[in-house]
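Here is the structure we will look at.
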Amino acid sequence: MITVRVPATSANLGPGFDAFGMAFKLYNTFSFKEKRDGKLTIRGVSRRYQGRTNMVYRAMERVFDRVGYSPRGLYIHSDVQVPFSRGLGSSATCIVAGILGANALCGSPLDEQALFDLAVEMEGHPDNIAPALFGGLVVSMMADGSNPYIKNTVAEDCFAFHAIIPDFTLSTVKARKVLPRKIDHRDGVFNISRATLTYLALTEGRPDILTHSMADRLHQPYRKDLIHHFDTVCHQAHAQGALGTCISGAGPSILAITPEAESFWFHDAMACYLEENHPGWQLLTLPPDDIGAVITESEE
């Protein structure tokens with residue numbers, strides 16, 4: 001049995017649109033086994049996801065096609081903890097797990113870069129895939145068929161990360177449709193400076209910079225109207241001590257970053273606010289994951 005554990009991720013982190021991503025200690029775990037009966041069996045998900053359109057299986061097919069392998073039959077089991085369609089990288093966990101699981105079943109013929117490239121090809125952008133696969137805080141890009149990336153870690157004992165998760169979903173396709181086709185040059189400059197400073201603030205432990213650097217003009221002004229109560233919830237998070245807030249990935253979840261020393265106080269205060277004003281919303285404090293996807297093998 002092959003088991004792959006993949007962390008949740010948050011992409012963009014405000015101004016780092018389609019480039020920044022970070023992994024957290026919230027996991028989806030997938031198990032894989034080749035069978036002799038020639039059938040595809042998928043468990044742990046609703047019936048609508050138990051066929052060949054299942055994203056994990058489609059990711060596996062990409063590896064099988066690449067290496068020329070034809071499994072006799074497959075058993076896939078999903079243990080899902082990452083909320084679906086909430087901007088926490090649930091699709092990236094499926095893609096990464098499927099590609100790693102298939103590669104392991106084939107005897108691991110593909111190296112790490114080839115697996116990363118296959119996953120990015122399927123997802124369409126690397127911002128969630130990179131941290132899901134490698135862990136940590138990752139900056140990545142797509143360039144002429146290759147996907148360069150740099151992995152780093154957040155300054156130790158400096159920041160805490162809180163996912164504010166609404167009780168509704170938002171598809172990435174819908175969130176991308178509202179984006180403009182062209183942007184103002186000044187908005188590009190605005191984001192370049194803030195993205196650079198956000199990365200440095202997180203890795204060098206500069207909360208004083210983070211309070212100013214997480215603003216964005218490329219995607220959040222257009223997407224926030226798709227997220228009910230976005231402005232009021234962010235305002236409340238800042239009032240309770242958040243250094244910065246942003247849409248997590250394509251949304252609808254909101255990522256709030258606080259000083260590590262104030263994490264418990266923020267969580268308690270924000271949880272009370274959500275319970276009183278937005279029942280059904282969740283608040284998770286998520287420690288960073290610096291390892292990424294983990295593969296284990298065991299006897300059946």
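Note: Cβ is positioned from N, Cα and C throughout, glycine not excepted.
Among the features that TrEMBL reports, domain 'GHMP kinase N-terminal' is placed at 54-136. The feature ATP binding site is assigned by TrEMBL to P83, F84, S85, R86, G87, L88, G89, S90, S91, A92, T93. What TrEMBL records for 212-260 is domain 'GHMP kinase C-terminal'.
Of the chain residues outside the ATP site list P83, F84, S85, R86, G87, L88, G89, S90, S91, A92, T93, A8, V82, G249 have their Cβ within 8 Å of the site's Cβ mean position. Neighbour density for G87 (ATP binding site): within 10 A of its CB lie 30 other CB atoms from the protein chains shown. Remark: T93 (ATP binding site) has V6, P7, A8, Y27, N28, F30, V82, A132 as non-local neighbours, by Cβ distance under 8 Å and separation of at least 6 in sequence.
Per DSSP, the domain 'GHMP kinase C-terminal' (212-260) is made up of 20 helix, 10 strand, 19 coil.
In the domain 'GHMP kinase N-terminal' (54-136), the DSSP tally of helix, strand and coil residues is 47 helix, 7 strand, 29 coil.
Taking all protein chains in view, 20 other C-beta atoms sit within 10 angstroms of the C-beta of S91 (ATP binding site).
Look at the binding-site residues P83, G89 and count other Cβ atoms within 10 Å of each Cβ; P83 has the fewest. Sequence-distant contacts (6 or more apart, same chain, Cβ under 8 Å) of S85 (ATP binding site) comprise T169, L170, S171, T172. Mean pLDDT for the domain 'GHMP kinase C-terminal' (212-260) in the predicted structure: 97.
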